[in-house]
Each structure stands twice: as C-alpha cells, then as structure tokens.
Amino acid sequence: MASTIPVKIEFTGGLEILFSHQRSHKIALPSSDPSTNQPANVGFLIDWLCKNLMKDPREDMFVLEGTVRPGILVLINDADWELEGQEAYELQAGDEVVFVSTLHGG
Amino acid sequence: MQPLHLLDSQVRSLRQQVQSTETQLRNLKIQLQQAEQQCEAARQLEEAWAGGFPHEWINETLAALSPEAHQAVGQESQPQSTHGRWPLESEEYKRYGRQMILPEVGLHGQLRLKKARVLIVGAGGLGCPAAAYLAGAGVGTLGLVDGDTVEISNLHRQVAHGTDRVGMSKVDSAVEYLTSLNPRVNYQRHPYHLTPQTAISLFEQYDLVLDCTDHPTSRYLISDTCVLTSKPLVSASALKTEGQLIVLNNPPLPPGSSNGGPCYRCVFPRPPPADSVLSCGEGGILGPVVGLMGVLQALEAIKLLTAQPSPSSTLEPPKPTLLIFSAYSTPPFRSVRLRTRRADCAACSSVASITSQSLTSGSLDYVAFCGGTSPLDLLPPHARVSAAEFARQPRDGTNTLIDVRDETQYSMCALRGSVNVPWTGDAESWAQAAALREEISAAGKACYVVCRMGNDSQLAARALMERGLGADGGVRHIEGGFRAWREEVDPGWPEY
C-alpha cells in the first residue's frame with residue numbers, strides 16, 4: 001500500500017518556467033522512497049519533482065551532478081536546507097519546500 | 001653553500017613567520033578599527049554634551065553605549081566642542097529632524113550617519129534609489145562606482161538619471177541629481193568598473209558597501225573584497241518581477257571567526273551556470289521592483305550605521321536572513337533563515353584561499369570563475385542570411401518567416417505575414433510546435449528564422465534542419481535578428 005504525504009512546493013526566481021509556469025504546487029509525495037524503502041527525504045523529493053512535476057525537458061536547469069544546480073537555494077519551512085540536513089531531511093506532512101533561483105540583475 | 005634540506009627548512013620557517021605576522025597584522029587592523037569606532041562614539045557624545053547634554057548624564061549614557069567608550073572618554077579631562085553650542089548646524093536639525101525624532105535614530109544616530117562613509121557599487125536600478133535615500137538621510141560621504149553611461153532604456157527605473165543626461169557617465173549624472181537633493185554630502189566619483197586590482201584600496205576608504213551591480217562576477221568580487229577589508233555588505237538583486245536582499249559579512253569579523261556573518265560564497269559557494277544568468281536587458285525588469293530593493297538596501301544601511309556600537313564581548317551570533325520579494329505572489333514578501341559562515345569557505349573561513357595578494361595581483365579571474373558566454377555560432381554559412389539579404393527575398397508566398405520571440409514581444413511589433421512559434425528552450429518541443437504550422441510544414445517553401453538578437457533563431461533553425469523540416473526549400477536564420485533588421489533595413493523598427 002503506497003501512502004503519501006502532502007507537501008507544499010514553491011518555485012521562484014524564474015524556476016517556475018520549468019514547472020508549467022506555476023509557482024505554487026500542492027503535491028502528494030510517496031511517503032517512502034521505493035528504491036531504498038526509507039522515508040521520503042528531500043533528495044527523493046527532488047528526483048520525484050524531475051520525474052513527475054517538471055514539464056520542461058531542460059532538467060539541467062534544475063539538477064546538476066545529482067543535486068540542485070549551483071545558484072538554487074532550497075528552503076525547508078523558510079530555512080536554508082543546510083540548517084536542516086540538506087537531502088537527508090525527512091519530509092513531514094505539511095512541510096513547505098521552496099526552490100529559489102538567485103537573481104543577478106540590478 | 002648550505003645543504004638543500006637546510007635551505008628548505010629555512011624557507012619553510014620564514015614562510016610560517018610571514019603567515020603568522022600577516023595574521024597578527026590583520027587582527028591588529030580589526031582591533032584598531034573597533035577602537036576607532038568606540039572612540040568615535042565617545043567623541044560624538046562629547047559633542048552632544050557640548051550641545052546641552054547635562055554633564056551628570058554623560059557617564060551614565062556612555063556606560064550604556066559601550067563600556068570601552070566610557071573608558072576612552074574618561075581619560076580625557078576636558079570635552080572639546082568644535083561646533084559651538086549644538087553638535088549639528090541649524091539647517092541640519094531642520095533637514096533631518098523628521099528622522100532624528102525617532103528613538104531609533106536620535107542625535108547620536110544622526111551624528112553616526114554624518115561620520116559614515118558608504119560605497120555604492122553600481123549606479124543603476126538599485127544604486128539610484130539607494131543613493132537617493134542615503135544622501136537624503138545625511139550620510140557624510142557617499143562613493144559611487146559605475147563605468148557605464150546613461151541610456152534611455154535605463155530611465156524607467158534608474159531614478160537619479162534624466163532624459164537630458166543620456167550619454168553622460170552614470171556617476172556624474174547621479175551626483176548631479178544627488179547634489180540637488182542634498183548638497184551637504186561629500187560625493188566621491190569612481191566612474192569606472194570595479195576591478196580585483198583596485199577593489200581593496202577603494203573599499204578601505206569606506207565603512208559600509210552596497211552591492212547594486214547586476215552580474216555574479218561583480219557579486220563575488222565585492223563580497224571577497226568586503227571580507228578582506230572587514231566591511232559589512234548590503235547586497236540586493238532584481239529581475240522581472242522579483243527581488244532578493246541579504247546583509248552579508250555582518251558582523252565583519254576576520255576570516256576564521258565563526259561569529260562573523262556569512263559572505264556571498266558561504267551562501268553560494270559555486271556560481272550558477274553562465275547560461276542560466278539573465279540580465280535585465282534580456283529578461284526584463286519592472287521599475288518599482290528594483291526600486292523597492294534599492295530602497296530596502298538604503299534602509300538596511302541606515303539601520304547598520306545608526307546602531308549603537310556594541311563591545312565585541314557581547315556580540316550575538318549572526319542570524320542571517322534572505323528577504324525574497326515577488327510582486328505577483330501573495331503575500332509578496334518572504335524572509336528566510338540562512339546558514340552561518342561555512343567552515344570551508346574560500347573567502348571567510350580559517351582555510352580561506354582568497355587573499356589580498358591574489359586580488360591585487362590579478363591572479364583571481366572572476367570572469368573565468370563565473371564562466372563567460374561566447375556568441376552562438378551554430379550554423380554553416382549556407383544556413384545564414386543577413387537582414388539586408390532577407391529584405392531582398394520575394395514576398396510572393398514562396399518563403400516563410402518564422403519569428404521565435406515570445407508572444408509578448410511578438411505582439412509589440414512583428415513583420416506582416418510572419419509566423420510566431422516562440423522558442424521553448426528545447427529543440428524537441430519547439431520543433432513539434434513548428435511542425436503543426438502549415439506554413440512551415442508545406443513542401444517547397446524556404447524557411448527564414450528570426451529572433452530579437454540572433455541566438456534563439458540559430459537554435460530553432462538547427463532544430464528544423466535536424467528534423468528535416470523545411471528541407472527542400474532550405475532553412476536559414478537571420479543574423480543579428482531584429483536588431484540587425486533595424487540597423488540594415490528598417491530604421492523605423494522599434495528598438496527595445
């Protein structure tokens with residue numbers, strides 16, 4: 001039985017163009033990673049987003065060398081994911097994960 | 001001649017001595033800076049006192065302001081005033097009174113602003129409003145760095161420039177505006193682009209730096225220089241309808257101090273791929289969005305400058321945040337917690353590899369670090385045509401012009417009879433969309449592809465050729481896009 005957890009996803013700084021030009025998404029994420037049988041973590045979420053939510057084939061605009069590309073900040077519940085354990089953070093129901101592409105214009 | 005191993009160890013030991021002396025020197029400079037700040041605070045209080053501050057209050061206030069400052073003043077027997085009865089001139093009370101009556105500013109805050117030297121790098125969409133508010137607030141010295149000249153396409157957002165100053169250096173134009181706003185400020189002109197070789201000696205003349213530039217190259221250079229010169233950095237950026245703001249290297253403790261604020265490299269250790277970086281000219285920018293970010297930079301600068309100096313012993317660990325603004329989101333503001341200093345940061349950690357020498361010698365190549373973009377040159381000569389040549393083609397229905405700009409640009413101006421198939425960034429999905437258009441898939445027609453600058457049109461033409469679309473009539477892209485069309489064929493074509 002495949003249970004899911006509700007997670008809020010937001011893309012900003014231009015990343016939304018890779019996801020149907022939509023900033024906010026509510027997804028039902030499988031509660032465990034079928035390849036490892038471990039609880040779903042942010043690493044699994046990123047892979048899941050590429051396979052299930054990304055409508056644009058330019059995956060390298062989002063993921064490079066197995067993690068988010070340089071210049072993208074990942075925020076878990078409004079904190080830099082480096083404060084939360086990065087890919088290893090295990091998602092809880094209702095968590096919000098924001099992907100921010102850095103801007104350079106001025 | 002001594003044996004080699006002895007010479008080797010001599011070199012090693014000298015190198016160690018040089019390194020430890022450099023570290024000592026750096027720490028002494030920081031201590032000097034802190035002592036100067038405390039001395040400054042004490043002096044300002046003396047002046048305030050001379051302006052009517054009751055004598056019996058001064059020790060109490062000094063103690064609250066900073067224990068060190070108290071000692072510094074205690075050693076002077078007679079306070080001296082250079083201003084007569086009041087520490088500010090009467091016009092200054094009128095000019096700054098509306099902010100001085102706020103407890104967050106007060107007389108002390110105003111005196112601190114007057115003593116402050118702020119450097120603004122970039123006199124564009126961020127720098128103009130930031131400079132305006134800092135000049136208005138009475139910052140003592142305001143330095144402006146920019147090597148560009150004013151263009152008419154700047155004016156919808158770069159509020160310090162004007163139509164009659166198009167073509168003028170941005171620094172000169174901004175100083176003209178700022179002088180009319182507040183002639184009491186000492187404006188320093190630096191009308192050139194910041195370089196690694198000159199950045200350190202420039203930053204050393206200031207107390208605080210605002211990054212108002214528009215490229216990762218300058219953002220890394222400014223952050224590294226702020227770390228090496230121990231200056232706090234207020235950094236902002238904006239594109240399209242969004243903006244970001246971070247205060248970095250605050251407090252500006254020496255590399256290796258974990259209580260110092262993170263630098264740009266702590267947050268972004270690796271630069272983004274060069275082709276993912278969009279400029280305002282390419283991506284567009286809404287004036288009030290970048291204006292808002294520049295105003296917020298001025299606000300953060302005023303908060304930092306008017307804050308009471310606190311002795312280093314009571315410094316709280318930094319709580320760095322990133323403010324994200326998104327004009328079309330609800331709510332539009334989001335403030336997020338950032339990491340602290342990175343233990344292996346190349347600039348601000350104890351194992352930093354970036355040094356003053358590597359900057360001044362020019363050995364650090366910021367352009368190479370961020371990756372340059374070279375002009376696209378994808379197609380063989382027979383698949384390219386100049387705008388002038390295209391203008392000579394018959395308009396009898398034997399050819400199709402495919403305009404790959406997005407719908408927004410296409411609806412601003414387009415050539416009659418052209419077909420709009422916006423470039424999607426991906427050859428496969430674009431070619432699928434193109435194949436659905438009868439004008440493109442029809443047999444025997446020549447296809448010409450055009451875009452704004454002549455890059456996307458190459459990608460699109462190649463996508464057609466690789467899939468055999470339009471093969472019998474031939475596929476060509478128009479070199480230089482509509483920019484070349486305007487220059488070579490139709491001067492009346494809108495330039496945007």
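Yeah, the Cβs are placed from backbone N, Cα and C, and that goes for glycine too.
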B:4-48, B:139-183, B:319-363 - the one TrEMBL records as coiled coil
B:4-48
Further binder of ATP named by TrEMBL next to B:ASP146, B:SER153, B:ASN154, B:LEU155, B:HIS156, B:ARG157, B:LYS170, B:ASP214, B:HIS215, taken from the candidates B:GLY109, B:GLY125, B:GLY243
B:GLY125
DSSP-wise, what's the residue breakdown of the domain 'Rhodanese' (B:400-494) into helix, strand and coil?
38 helix, 15 strand, 42 coil
Calculate the distance in Å between the alpha carbons (Cα) of B:CYS348 (Zn(2+) binding site) and B:CYS451 (active site, cysteine persulfide intermediate), and round it to a whole number.
44
Env. residues of Zn(2+) site, Cβ within 8 Å of mean position of B:CYS263, B:CYS266, B:CYS345, B:CYS348 Cβ:
B:SER223, B:VAL227, B:ASN249, B:PRO255, B:PRO262, B:TYR264, B:ARG265, B:ARG341, B:ARG342, B:ALA346, B:ALA347, B:SER349, B:ALA352
Packing count at B:CYS263 (Zn(2+) binding site) (other Cβ atoms within 10 Å of its Cβ):
30
Helix, strand or coil by DSSP: which one applies to B:CYS266 (Zn(2+) binding site)?
helix
Per-residue Cβ crowding (10 Å cut-off), top of recorded positions B:CYS266, B:CYS345, B:CYS348, B:CYS451
B:CYS348
